[in-house]
């Protein structure tokens, strides 16, 4: 069994449901230290973070990843135990974190070892930024490490995030940007009363409905060359006492924007307030911005190096995509670094029987290794 697969199994067999790292980062640090990495644990609150760097000069390429995983769900529904990292007869490894994203960490660790052994005098630096707070609130993880690095003026040019980016075959897609995410928590205030006496009450569901229709039907933008149109989606609506003869006193709505670079948080907020005010609603509205949109240009050195590495190993040309959810790349992109995401297939992430192909992990290791060569040698 190869070193990549052995490392991946060790990480996956370590139960680390967010925000618990449970020793994964110690395993990573122990592997990297003999390769010449300076190891720096960066804990914030209950979250474990690791910054490890080999080299003093630029350019600096950072591999960013997370050791925390989402809960397994009912373990009895799994074909193999979720923390077993079992490999079946078809070469498929099962386990929580196989795709998202402990296997990617193992691949980059081995790729780095192979690269340093082959090119001990490489130009630039290689670093690892690993957190146990990506699947949770993401407030004491990557964002705090970035703040600490910026405070001491430690900069880097490139960042490869090992999130599962592939759709149908390994390396068919590179995420070179992400949409922003803005959430709203809206409370429409009415007047509670008996359902038989509507003239003595004000039903907030009724008063909200026309405004909500305007929000849903509004074309916020048409997108651009890099992003699809901005999306507005309602996730929750809560109202009523549970009784069938009471007009509710309020209605609470949770909604979310996934927005392109055609919008700003301020423009989206203004649009919502304009709609609510035009319907003369009595409301409270709280906002939460969890990420700004970012884009890494297709002609940048990082995308060129990664695309070439995929072509070298897979014989295919990847497409560039900004679809999907947010990742910690949103925090890293604010530094000005070129950021992309490249990892295994994403079709089983967060699901029962999350799994990856062992052969894909061997190929991904070589893609990562070739990326280092393309950036730091050629």
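The chain as shown is numbered from 1 upward.
Cβ from N, Cα, C; glycine included.
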Binding-site annotation, Swiss-Prot, Zn(2+) 1: partner of 66, 100 in 3, 163, 202: 163
Secondary structure at residue 350 (Zn(2+) 2 binding site), reduced by DSSP to three states: coil
Rounded Cα separation (Å) that holds between residue 68 (active site) and residue 163 (Zn(2+) 1 binding site): 13
Distance check against residue 350 (Zn(2+) 2 binding site) for the recorded positions 66, 134, 163, keeping those with Cα within 10 Å: none
Three-class DSSP secondary structure - residue 68 (active site): coil
Mapped DSSP class for residue 100 (Zn(2+) 1 binding site), helix or strand or coil: helix
Residue among binding-site residues 66, 350 with least C-beta crowding, 10 angstrom cut-off: 350
